[in-house]
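Visitor: Below you will find the structure I want to go over with you.
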Amino acid sequence: MNINTSNNHDNGEQDQKGVSKKRYMPLLLINYTCLFLGSVSSSLLSKYYFNHKGSNKWVSTWVQSAGFPFLLLPVFLPYYLFQCTQRKPFTRFTPRILSLSIFIGLMLGLNNLLFSWGNSYLPVSTSALLLSSQLVFNLILSAIMVKQKITFTNLNCVILLTLSSILLALGSNHDKPQDLTPTKYMIGFVANIGAGLLFALYLPIMEMIYKKVYCYAMMIEMQLVMELSATILASVGMVWDGGFTEMRKESKEVFDKGEGVYWVTMITNVVTWQLCFMGTAGTVFLTCSLTGGICMTALLGLN
């Protein structure tokens, strides 16, 4: 009798887990879609900006996080307009979570700057190859920081994706910029390696923090604070480097596709970067940091 009761209890827990997974499956698919569309589009649009005479690294850094106001919609509308939830925005948002969000946001802003430097100088194939190195570091850091089990499946996935990135890079020499000097190549190389290492560290740190986050809405609120912090950092760099003034001049006199295409490129890049970061954050929140790293690396090949 006791065995049957235990079995029934175990079966009940398994059923609850199954229902929970099915409940969040549509949300996970939405995040995968955002990650897919955002990752591919944002990377190519950033390169498109540099390929057509755009040159300001701070502008490219700024657009990666400047779309944070879009996150105000999913944060406030469900409670104040649609009234489909009883949780007020930023409930249980402790000072510790706020400070961690600001710190991670500044870290993300630095990662965005390094990505912009690397993307401005290197071919897409070389950049993708160097950024794919983050997956190996991500696996190691995930095992150390969040006790991610290294299984044959995830180890095999890391090896195959890394090798595929190497093969793609070796077979893609046609996208090399004509004015790429050894100095620019070295700067881009170091910047991309730094961006890959920071992103590899960013993912497991986020998984550790998300363990203290009790709902998806709170994750969006954290993402809003992080993107705001990254934007403030980029805005300081823009003011210091004259980036805001230069955008107007660049759109009219420098960008070889014309002013209209310039602003469409900027606005579209702002939107696609938000899709990329929200898809990444949602994937890590709903699964784990290693899954987020694997998805990002797999999408690099599409570029």
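In case you wondered, yes, glycine gets a Cβ from its N, Cα and C as well.
Residues or ranges marked as transmembrane segment by TrEMBL: 27-50, 62-81, 93-115, 121-141, 153-173, 185-203, 215-240, 284-302.
So where do these features actually land, and what's packed around them?
Guide: Sequence-distant contacts of the transmembrane segment (27-50) (same chain, at least 6 residues past either end, Cβ-Cβ under 8 Å): 59-60, 64, 115-116, 119-120, 124, 216, 255, 265-266, 268-269, 272-280, 282-283, 286-287, 295-296, 299-300, 302-303.
Long-range contacts of the transmembrane segment (93-115) within the same chain, counting only residues at least 6 positions beyond its ends with a Cβ under 8 Å from a Cβ of the stretch, are 46, 57-58, 61, 64-65, 131, 191-192, 194-195, 198-199, 201-202, 205-206, 209, 212-213, 218, 221-222, 225-234, 237, 277.
Here the transmembrane segment (121-141) has long-range neighbours at 43-44, 47, 115, 148, 150, 154-155, 158, 161-162, 165-166, 168-169, 172-173, 175-177, 180, 184-185, 187-189, 191-193, 195-197, 199-201, 203-204, 289-290, 293-294, 296-297, 300-301, 303, meaning same-chain residues at least 6 beyond its ends whose C-beta is under 8 angstroms from one of its own.
Below 8 angstroms of C-beta separation, residues 24, 27-28, 31-32, 35-36, 39-40, 43, 128, 131-132, 134-135, 138-139, 142, 146, 148, 154, 157-158, 161-162, 164-165, 168, 199-200, 203-204, 206-207, 210, 213, 216, 219 of the same chain, each at least six residues beyond the ends of the transmembrane segment (284-302), sit close to that stretch.
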Visitor: Apart from its near flanks, which chain residues at least 6 from the ends of the transmembrane segment (185-203) lie with a Cβ under 8 angstroms of it?
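Guide: Residues packing against the transmembrane segment (185-203) from afar: 104, 107-108, 110-111, 114-115, 117-122, 126-127, 130-138, 141-142, 280, 284, 289-290, 292-293, 296.
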